[in-house]
């Protein structure tokens, strides 16, 4: 396989994932680091889903959303991590054109769905704190299912549009994707097509995704803070804020990494890779920890599950 592509994308049969530009002596260390992070992702998110499904006390809208968050984190990290780890052991580091398309499509679908899901979780907290007496009426099982389905639908539509725009470009430069997975900007750099219109459409699409979700989160928390400050008892304020702190931590990590990546100039690709690493692997690893360490219900359910295991043994 040569490094030069043809004048049309149909001539491209595979890409090369360059990954991190480090010496071969660090590949084993990076492989072990990725393996540790991915093992924690599997353990944490599968464990969280098991806890939520097996404990009747967690049969609430908040934990229904949290279970879907764990599923999304587990899935999109699994799209990235295995291939990234295998590339530390191979010389070619190639990925087929179809494999690159599939990786891009699935990752985009689930990362966009997570953004909308976090907005739905913020709305859930807003109803729980600002309208607690009507919480069960507003956040019905049907509405929760519709919100989650809407998150996946928006992710799917966005992914179809972004994937079709990206992989219908003409690739006539090097096939080496300067990243550890197939992402938009590194793939765009391989194209000899005029990207002006493409970038405008991509920016518009990203704005349509990020601005409404961020707006829902910000407005929800403005109302939440206003309501909590009206609570006279310190214990009541502490309890109200404790239900939101985990969600705020997850939102801060994800949105912080995404904004950092997209604000990083193209001339600093390694910084972009670090930001991508944060939201593609570090965030899915931290989410179960954030919710389990700061949530009394989850800790109680985990203790109950472990006690059952001990008793059965």
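Glycine is treated like the rest: Cβ placed from N, Cα and C.
These numbers come from a predicted model, not from an experiment.
The transmembrane segment annotation in TrEMBL covers 28-51, 63-81, 101-123, 143-161, 200-224, 244-262, 274-293. Here TrEMBL flags 44-291 as domain 'G-protein coupled receptors family 1 profile'.
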Is the transmembrane segment (200-224) close to the transmembrane segment (63-81), in the sense of at least 3 CB pairs under 8 angstroms with a sequence gap of 6 or more? no
Tertiary contacts of the transmembrane segment (244-262), as residues 6+ beyond its ends and Cβ separation under 8 Å: 69, 114-115, 118, 121-122, 125, 129, 206, 210, 214, 217, 221, 224, 271-272, 275-276, 278-279, 282-283, 286-287, 290-291, 294-295
What else in the chain is close to the transmembrane segment (274-293), if you only count residues 6 or more beyond its ends and a Cβ gap under 8 Å? 34, 37-38, 40-41, 44-45, 47-48, 66, 69-70, 73-74, 76-77, 80-81, 107, 111, 179-181, 183, 246, 249-250, 253-254, 256-258, 260-261, 264, 299, 302
Residues sitting near the transmembrane segment (28-51): Cβ under 8 Å, six or more positions beyond its termini, same chain? 20, 22, 58, 66-67, 70-71, 73-74, 77, 81-82, 84-85, 88-89, 281-282, 284-285, 287-289, 291-292, 298, 301-302, 305
For the domain 'G-protein coupled receptors family 1 profile' (44-291), the mean pLDDT of the predicted model: 89
